[in-house]
Every structure is written in C-alpha cells, then in structure tokens.
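Reviewing the structure listed below.
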2 protein chains.
Amino acid sequence: MRIPILVIHGGAGSWRIDSGFLDEVKKALVNALVNGFKLSYDGSALDMVIEAVRTLEDSGVFNAGIGSTVDLSGNISMDAGIMFNDKAGAVGYVKYPKNPVLLAKYVYEYTDHILIVGSAADELAKKFNLAPHPGPNKRWIKLYREYMEKIKQGEKVATYYGKSLKLWMNIGDTVGAVALDKNGKLAAAVSTGGVFLKLPGRIGDSPIPGAGFYANKCGAAVSTGVGEYIISTYLALRAVDEICRGVDVITASKKALEILTNRFGANTAGIIAIDRDGNLYAIYNTEAMPWGYIDGDGNIVLGGLPKTL
Amino acid sequence: MRIPILVIHGGAGSWRIDSGFLDEVKKALVNALVNGFKLSYDGSALDMVIEAVRTLEDSGVFNAGIGSTVDLSGNISMDAGIMFNDKAGAVGYVKYPKNPVLLAKYVYEYTDHILIVGSAADELAKKFNLAPHPGPNKRWIKLYREYMEKIKQGEKVATYYGKSLKLWMNIGDTVGAVALDKNGKLAAAVSTGGVFLKLPGRIGDSPIPGAGFYANKCGAAVSTGVGEYIISTYLALRAVDEICRGVDVITASKKALEILTNRFGANTAGIIAIDRDGNLYAIYNTEAMPWGYIDGDGNIVLGGLPKTL
C-alpha cells in the first residue's frame, strides 16, 4: 500500500493576468486536486488523473476543454492523451467533445489503437455519447477578431509562435496530471486546446506518448509548452527514462527540460513528474506554471503561480 | 565528401504472394532506388528519401500511396513523415493526396508545425496543388467486401490485428527510406496506408517522429510493422539513440527491435538504419521485409524478399 499522490498543472507561460483571474486559477487547481483525489480510495491512478484533467477542462480557466483557444480558422480543436499500465490512448484535432480526455479514455479502453484523430475521432465521441463542446469562449473570439482585423489591415502580425512565441505564451496552455495510486501504479493525463492561431489540423505534443505524457512502472511525467519543441526532444519520455535509470525525480526532470531549453531557448516548456515512491517535482523555463499536489496525508500545495498585473 | 547511400524497404510482413507479384515488388524497389539515387548528385539526403518513397507510393505494389489499404469504413487514409536537419514534418489521416510524403514535405518546409492531420491536412494538399489519390485499388475493395460480407453473416471475423495479426500481415505495410548524402547528412522518410480495417482516424507510428522514423547527425532509421507496438517502444528513436552512444548500426538495430519483440512477440515489426559513415542494416522479426540499397560505388542490392506461393 502506498500513500496516493496527485500532481497537476495548468500550463507553462507568462500568464499576464489580473488578481481576479488568479483567484479563478487557484480555485480551479484546488477543485481538480480534490475531485481527482476523491477517486484515490476506490480508483486507480488513471481514474485520478482523468478526473483531475476533466475538472481542469471544465473550469474554462485554462487552454483545454471549455477554455480551448482557436486556430487560424477561428475554430477550436483539441488534443488529449492518457497513459497507464504501459498503454496509451489519445485523440488529436477533435472539435466535438467537451472533454477530450474522456475520449482518450475510450480510445484506451475500447480500441486496439493509441491515437485517433480528426472527424473520425469526433464521430467516435458521438457514438460514446460524450457531451458536446459549446464552442470557443468570448475571450478567444475577441482576441481572434482583433488579430484578423490587424491582418486584414496589412499590419504585420506574428500569427504563430515561430514568429512570436510570447504572443500565445501570455495565456498559458495545456493542462496535465500525474498520479501514484495506493497500489503503487502510476498514470499520466494531458489535455490542450493547442496554440492560438495554429494551422487547422496541427497536432502538438499532447496526444503523443513520450512527448506530451509518459507513464510506466518507474515514473510518470506530463509536459506543457511549445508542442513542436517537446516532440523534438521527447520531454516526458526523457524524464521517465532517467528515473528508470535510478536518477532522482528532481534531477531527471531538470535534465530533460535542460535538453529542450539548450536547444530551443527559455520561455518554451515545463514538466511535472512523479516516481513510484511518490517523490514529485515541477519545473518550467517560463515565467509561471501554476501547479499543485494533494496527498494521502491531507496536504494540498500550490506552486508556480503567476504574478498579477 | 561522402559516398551517398540510399536504403529503402517495402514493409515487414508475411508477404504470401505469387512469383508474378514478387517480380513487381523487385521492380518497384529497383525503380525507387534508382529514382532516389539520381538526386544524390545535386540534392540532399532529404531529396533522396522523398523521391524514393514517392516512387514506392506510386508503384501501387505496397500499402502506401496508390496501393493504400482501406479502413473499417472502406476508405483509404494515409500517414507519412520525413526528418532532416533535426526537423520533422508529417501528416496523418489524409485521404486526398496521391503522395502523402510530398504533403509531409510541405509541412516541413512551409509551417512551424510537425504534424498536421485530417481534413485540414487534405485542404493543405489542395492548396499546394498536390495530385489527388484515385481511391482504393480493386484488390483492397475486393478484400474489404469479402470481410464485410462475412461480418454481416455473423461470422466471427478478426477485424483488427489485436485479434488476428496475421490477417493484414499477409500483405505487408509501410514503405520507408533512409539516406546519407555527399555532405554527410542523414534523412528518413516513411509512408503508409495503415492497417487493413483499422478504425477511421487511427494514426500509427508512421507520422510520429521517433516511432516510425528518426534522423539526426549520428544516424537515421525507419520502422515498419504494428504501429501501436512501434509507438510504445520508440523503435526508430531507440535505434538512433544507440548509434549516437557509439554502438554500431547492426547492434543498435538489433537491440531496438529486440525491445519490441520481447514485449509484443514476433511477426510484428522491422527496421532499416544507417549511420553517418554509411554503415547500414535491415532487420525484421517477420517472414519477410523486402528492402534494398544503392550506393555511389554502383551497387544495387535487394534483400528480405518473400518466398512465393
């Protein structure tokens, strides 16, 4: 028997927000921790991370689920992935479900596949009677219109982070969770609305095992940040690989992120990780990465919170 | 200056075919080697692998491009990926282009993204004026109808490889290429129609860097076989990682495939790999994996050919 632990994050970024929004961020994190941890008594690490991520998706505070940003066409499209018992399930470029993490769970449970994408994944969500997404929120629609207007007027706008990383990093991105359950098993889950003004159909690291998430018997990790950089350096896999080699979770997370930072610079990514003994760590090369954990001893701790404007 | 080398494969599998079809396989491999190698004089390793894979896609002999199989809905849907200069480009779940590898090249050249999927990727193919796919060939339509008929009559048919791997392994799958160019640079390219009767929207290893393909300064590798198993073990990444550690290309390829075979059994996968000195290797745990290479000394060698019925 282990003392269960659940760790979550709300996205690495600059997070330039006011104090009212910061309160919403904290509340959403605590809600997700509590909801996820409730399942630690009868459920598995997988149940815990899925419920935590589902709560973060529903909060509307983060760029995932209800709070998902829009692509260049003005539409939402989301990615999500889960991993448990050496098996992964994921979805990419989905528009229909309110909770992509639940669709990833169905891919995990009911198919022989790992990753299902696009309109076919949306069809699957309907078959499984998942709740529909209400569409992008007002904040994103407003920002989208502002940028489209600038583009129409010939203003040179950095429409994608290759040109101006900071543009979307102001808002924060992906949400994720890792957990250790009472049986000593580890799980990871992640969900995202992707990057603002991405090309439609673009898939980032979130639905790719080893990039956006990874979990095995040694450890579990989830990534957040620039998807292309995370795919290129296998952030989650590299961290868990190190843990499997006997490296402690702090050094392992640092080393993995260091590879990415050395290659692509700062303000690009973050990671949370946990090992089978319940040691956990959160690290990011951005200004903030709201994260927190809850454990069987009754501790709830939040960290990485942004400074307010 | 290096002596350029191009290595290709036509898919790991049981390949139960007659001698007439074997001749077509050989002809298609030689064509692809010659077409790809023509670009070694003025072009890069990337040009070589893309032209080789494009030729294999157009041959109609392999499960990629023109020869792509169908999913459970009876439609084609294809994946492809390329990697060169530490950068990857890939597409998944595409139905429009005749040559998914060319669309992967456009993602690589003209976007900040790595992976673009679904209808949005097809839209991109149209924007780039790529030639359209003529749809599934008669062989696949016939086989699809046979299986659908059996299913309708209540016959218990293994519709997916989780239930019966051999079903689709009879036909062979993915095509791929790795190359070393005269400047000592390495590239990898891969293309596939996926697995027969897969769920629509399923993405395998082929468009995922590190799984279906990988190339860096040390080496390049491409995988073929059961996509989910290859994603789960990062077949191409593990092989190239070993090469970067100074392990020879033969041992590196063997070790990487061994991890997969130990976990998922035989009849599941194969890999071709090359290092920066032009050492190359092909290995598979299936009955056959038609492959070949061509080099600047004028050698053309074929191997891994299936026995005929």
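Note that Cβ sites are derived from N, Cα and C of the backbone, with glycine treated the same way.
Under DSSP, A:T174 (active site, nucleophile) is assigned to coil, being neither helix nor strand in the three-state scheme. Around the Cβ of A:T174 (active site, nucleophile), the number of neighbouring Cβ atoms within 10 Å comes to 35. According to TrEMBL, the feature active site, nucleophile maps to A:T174.
The annotation substrate binding site is assigned in TrEMBL to A:R202, A:I203, A:G204, A:D205, A:T224, A:G225, A:V226, A:G227. Around the Cβ of A:I203 (substrate binding site), a 10 Å sphere holds 35 further Cβ atoms from the protein chains shown. Look at A:I203 (substrate binding site): DSSP puts it in a strand.
For chain B, the nearby binding-site residues by a Cβ gap under 8 A number none, drawn from A:T224, A:G225, A:V226. In the structure as shown, the Cβ atom of A:D205 (substrate binding site) sits within 10 Å of 33 other Cβ atoms. A:T224 (substrate binding site) sits 6 Å from A:T174 (active site, nucleophile), counting Cα to Cα. Here is what falls inside 10 Å of the CA of A:T174 (active site, nucleophile) among the binding-site residues A:R202, A:I203, A:G225: A:G225.
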